[in-house]
Amino acid sequence: MIPSTAAALLTLTAGAAFAHTGCGGHEIGRRNVGGPMLYRRAVTDEASAAVSTDINTECTAYSYAPVTELISSFPTIWQTASIPSNDTEAQQLFGKINSTLNTKIPNDVPHGTPTGDWTGVNYSNSDPDCWWTHNKCTTPSNDTGLQADISIAPEPMTWGLGFDDGPNCSHNALYDLLLENNQKATMFFIGSNVLDWPLQAMRAHDEGHEICVHTWSHQYMTALSNEVVFAELYYTQKAIKAVLGVTPQCWRPPYGDVDNRVRMIAEGLNLTTIIWSDDTDDWAAGTNGVTEQDVTNNYQSVIDKAGNGTYTTHGPVVLNHELTNYTMSVFMTMFPKIKSAFNYIVPICTAYNITQPYAESNITCPNFETYISGVTNISSSTTQKDGSSSTNTASGSGAAGSASATSSSDDSSSSGGSSGSSGSNNASSGALGMFDSLSGVGLILGGVVAGVMLL
């Protein structure tokens, strides 16, 4: 965040502290696989994928037939999304949203680059676009007609629980812990990961967690054109619908990077923007001088606020990651302390009494009172819900605030998912790939995204 100055315009540079808001300005890293690699058989279904907590076993690549049959209708995994020329449905919807956008906020333009370089960007200190990366703005001006971002839990002494960057192939230990404690969370899924690791995505949904969008390729959204912003969100929604059968109505911008232009496109897709109030920096351990002890201290800082009166009127929404084995393990270590310090730990839909979390009206998220009574699963219902159930009815004083699979790998150092991906053992990973529809054998073509720092 850049301090306010008297200047009307501010030139942003990549080296400024501003570039390190939220996720430290880190970039998605890529590596070469050094040649083709063949898969053999491993997990066969969701249940078998959920058994092992050995990272090498969990992250063995597999082919999931429903994904291989539809992969050609999606953007290339881990590349910037765009609308294919033959997707007339997407083109028509984008045209409608874009027309509204250009009418309401024509002067809100892209900032910087998709990797977070703002060198030479001129932006007014008055923050006309409510640009979170500039000043952590979460409440657009009234004339935009945009809703405020969700950034706190409105109920007192309540931890809003969510995990970014999933599904991760090595998440079984974390999900086992959540299951054993009847604990639900909001999972912010990357579209490329959903198609890479569909069985892992299915576990999250089937065990009653809320699923939200975290874009297709995890880039700084305010740097992207209107069409690319739309495609990054739209095709992630579509991937989640294709694999899980539900259409999310919530999203979190990578790095927190959002402004009114991006918000308006998201709202055109019925997506509510969710940010956070507290950052554990779990993603940063081992980089930029950040130690594992620093991450533990960050967790402890949030826990300490529960004891000093900070959360008597509301609670935090905390940034955690399903990114690496470490980010998941440190949460597991701190979970008993979190439970002891806070009265409640809930997913975001529950915190805001959003009982219809998806476009599909027969799926219900328990409201706050129901959840704390012990009924925690997001589940199907035979009773149809109308759109009014998505209204925020939180009671805290903070409420006004804001099918089978085949696979394996000869080499345990390589992991990947159903779309033909490979990456590091504990990675939220993906790659460009293709599958032989006759033999079910995948051939890595390259472009791997390893277990890298995503927010």
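From the backbone N, Cα and C atoms, a Cβ is placed for every residue, glycine too.
What you see is a predicted model, and the numbers here were worked out from it, not measured in a lab.
Here Swiss-Prot flags Asp164, Tyr255 as acetate binding site. The domain 'NodB homology' feature in Swiss-Prot is assigned to 157-347. What Swiss-Prot lists as N-linked glycosylation site is Asn86, Asn98, Asn122, Asn142, Asn168, Asn270, Asn308, Asn325, Asn353, Asn362, Asn377, Asn426, and the listing cites sequence analysis. Under the heading GPI-anchor amidated serine, Swiss-Prot lists Ser429. For 381-423, the entry in Swiss-Prot reads region 'Disordered'. Here Swiss-Prot flags 1-19 as signal peptide, drawing on sequence analysis.
Calculated from their C-alpha atoms, the gap between Asn353 (N-linked glycosylation site) and Asn86 (N-linked glycosylation site) amounts to 39 Å. Counting neighbouring Cβ atoms within 10 Å of each of the glycosylation sites (Asn142, Asn168, Asn270, Asn362), the lowest count belongs to Asn142.
Between the listed glycosylation sites, namely Asn122, Asn325, Asn353, the fewest other CB atoms within 10 angstroms of a CB are found at Asn122. For Asn377 (N-linked glycosylation site), the count of additional Cβ atoms within 10 Å of its Cβ stands at 15 [all protein chains shown].
A gap of 20 Å separates the Cα atoms of Asp164 (acetate binding site) and Asn377 (N-linked glycosylation site). For Asn308 (N-linked glycosylation site), the nearest neighbour among the listed glycosylation sites (Asn98, Asn270, Asn325, Asn362), judged by C-alpha distance, is Asn325. Closest by Cα distance to Asn142 (N-linked glycosylation site), from the recorded positions Asn98, Asn122, Tyr255, Asn362, Asn377, is Asn98.
In the three-state DSSP assignment, the secondary structure recorded for Asn353 (N-linked glycosylation site) is coil. Using a 10 angstroms CA-CA radius around Asn122 (N-linked glycosylation site), none of the glycosylation sites in Asn86, Asn270, Asn325, Asn362 qualify. Of all the recorded positions in the list Asn86, Asn168, Tyr255, Asn270, Asn362, the shortest Cα-Cα distance to Asn98 (N-linked glycosylation site) is found for Asn270.
With every protein chain in view, the residue among the glycosylation sites Asn86, Asn98, Asn308 whose Cβ has the most Cβ partners within 10 Å turns out to be Asn98.
When the recorded positions Asn86, Asn168, Tyr255, Asn325 are compared by Cα distance to Asn362 (N-linked glycosylation site), the shortest distance belongs to Asn168. A sphere of 10 angstroms centred on the C-beta of Asp164 (acetate binding site) encloses 27 other C-beta atoms.
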